[in-house]
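J.: Got a structure for you, questions after.
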Amino acid sequence: MTYFIIIISAIFVNNIVLSQFLGICPFLGVSKKISTGLGMTGAVTFVMVIATIVTYFIQKLILVPFGITFLQTISFILVIAALVQLVEIVLKKVSPPLYQALGVFLPLITTNCAILGVAIMTVNRDFNLLEAVVFSASSAIGFGLALVTFAGIREQLELVEIPKGMQGAPIALLVAGILAMAFMGFAGMV
Amino acid sequence: MGKTESSLSNMALTLITITLLTGAALGYVYKLTEKPVAIAKEKKQQEAIRLVVPEFDNNPAQEMYLIPTSDGDSLKVFPAKKEGKKVGCAIESISHNGFGGDVKIMVGILPDGTIYNYQVLEHKETPGLGTKMTTWFKPSEEDNVSKASGNAFFNWLFGISNNSGGGNTSIVGVDPTKTKLEVSADGGDIDAITAATISSRAFLEAVRKAWYAYTEIVDTHSSATTKEKNSQEGGMQ
Amino acid sequence: MNQWSNFTKGFFKENPVFVMLLGMCPTLGVTSSAINGLGMGLATTFVLVMSNIVVALVKDFIPEKVRIPSFIVIIASFVTIVEMVMQAWLPALFEALGLFIPLIVVNCIVLGRAEAFASKNSVGSSIIDGLGMGLGFSLALTILGTTRELLGSGKAFGLPIFSESYGMLVFVLAPGAFIALGYLIALINKIRRAG
């Protein structure tokens, strides 16, 4: 598979949020403002790429050679949880401004299923290391694209009058549905 | 609460104990399920083979061999025999050009080269459109239900008729030397699934690949060769 | 706490999906049919009950600071057990649910109940809590799955109800998941306000 197809597929056609249903919690939770959406995207991109690389090596160097692939879920989630902590500590020391921007989002990321989902998908699709990096980075960009677009729409929604019963989650889900429909237009591109 | 103190040694000890215990428990369950998982996989394959070839009494999975195709895949061929005589073979074929990804099918081909039946093993096509491939290419009496409607009463109520457009959608019983296994829009003899031409193309591509692989077997195994040549010539006239 | 209300709170008052908006990924991802929704719900219920039991049992031995990692390990091992058992005896469901089975690990409901309830309560009430929440989650997934299947392909649990050609295909596809859930939550909000 060429890298171009992987990129287009992960960002548009098989967008992890709008067609794979991964990372819905942050998608609905931190999408009230574009700025927080961007911060979350940054944090997710950072952790997703590192997590995919680390889990790739765990799979290839530990789980497969020792025939213990049944420990995949448990080892991946532990690695991701530890990694998030590590990133938080390192970021605090190395780059305080970046920590200020991303810090609040980091603890939320452990339970972001997009990270674990992408790590498992990478293994399932038998990507090589470079493909895995490209795939995870474009998945994160796809996540960001959906999140920021959605946040932009929600900012506008604040200004209109919404029927009482539809306020909050229902209207957000309907908007997400229409956005997913728009992304369906990319289907069949690859 | 009488919680254990959060000292470093306590924390490390707790985590190590938990990890060891769960690791052991998982290892045990893995050993327990290892066999049933293998059996379930084999059963699924057996089931697919059984559905696409006539009755057999050998174990096709044991006699399985691989045939490389021109585009770099290798197809699994499962010969089915009854009382030592070949009754057909099931070929696992794949197309990479589906709408949502790969389309994997099992095609059964009789010794005379006609297609006996097929089974879709794996696909990622659009639900309600491309997914119809599981029944669309079978003879209509079997799948009128899914083509028109699931319910006779509603068919009557809404005036839905059970005709499949009078088109030619079935590949079952077809001799690929006489019928062009391509969608009619591309000049073939098979009608594509309504609104799912790409899925139909991918499906038929997989069938063609299986058939080409099959013709290669008969070329190398002399028993059916002459017969096959004849029918090919017959098809060209 | 009254055990009966402890059990039933997950069904309506604190329904994890419709009211607390937890576990949205599997909720949207697997509910293209009623049976998948039910299967996912029951798998999650199993993990929820088992992890609640174990967490309630070991809560006094676990130091405060490694609480969350320990819970995650416990949950992940039960998820792996579900994964292996399902692969062995329910391969069709295993394939239909796919990626979302390992992802039960990061389902906020499971970790949420372990942290908010089981780490503070007895084994007995933790079992009831897990069972109630799990069945409430299953109920929500089954309702959403049935709605989508019925509107999208005219079937419920695979049984044809009306003609498939009158189905609105979009409800089986991704956008329909969001839209159907949005309207269901609006409906539940309305009932809750009236009640």
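From the backbone N, Cα and C atoms, a Cβ is placed for every residue, glycine too.
TrEMBL entries are annotated by machine, without manual review.
Relevant sequence annotations retrieved from TrEMBL are reproduced here:
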TRANSMEM  A:6-30  transmembrane segment
TRANSMEM  A:37-58  transmembrane segment
TRANSMEM  A:70-91  transmembrane segment
TRANSMEM  A:98-120  transmembrane segment
TRANSMEM  A:132-153  transmembrane segment
TRANSMEM  A:165-187  transmembrane segment
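Quick one: how deep are these features, and who are their neighbours?
T.: For the transmembrane segment (A:37-58), same-chain residues at least 6 beyond its ends with a Cβ under 8 Å from one of its own Cβ atoms are 23, 26, 30-31, 75-76, 79-80, 83-84, 87, 101-102, 104-106, 108-109, 112, 114-115, 118-119, 122-123, 127, 129, 132-133, 135-137, 139-141, 143-144, 147-148, 150-151.
Here the transmembrane segment (A:70-91) has long-range neighbours at 46-47, 50-51, 54-55, 58-59, 62-63, 98-99, 102-103, 106-107, 109-110, 115-116, 119-120, 123, meaning same-chain residues at least 6 beyond its ends whose C-beta is under 8 angstroms from one of its own.
The list of residues near the transmembrane segment (A:98-120) in space but at least 6 beyond its ends in sequence, with Cβ under 8 angstroms from a Cβ of it, reads 16-17, 20, 22-26, 29-30, 39-40, 42-44, 46-48, 51-52, 55-56, 72-73, 76-77, 80-81, 84, 87-88, 91-92, 135-136, 139-140, 143.
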J.: Who are the chain neighbours of the transmembrane segment (A:132-153) in space, where the CB to CB distance is under 8 Å and they lie at least 6 residues beyond its ends?
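T.: Apart from its flanks, the transmembrane segment (A:132-153) reaches 3, 6-7, 10-12, 15-18, 23, 26-27, 30-34, 36-38, 40-41, 44-45, 48-49, 51-53, 56, 114, 118-119, 121-122, 125, 175-176, 179, 183.
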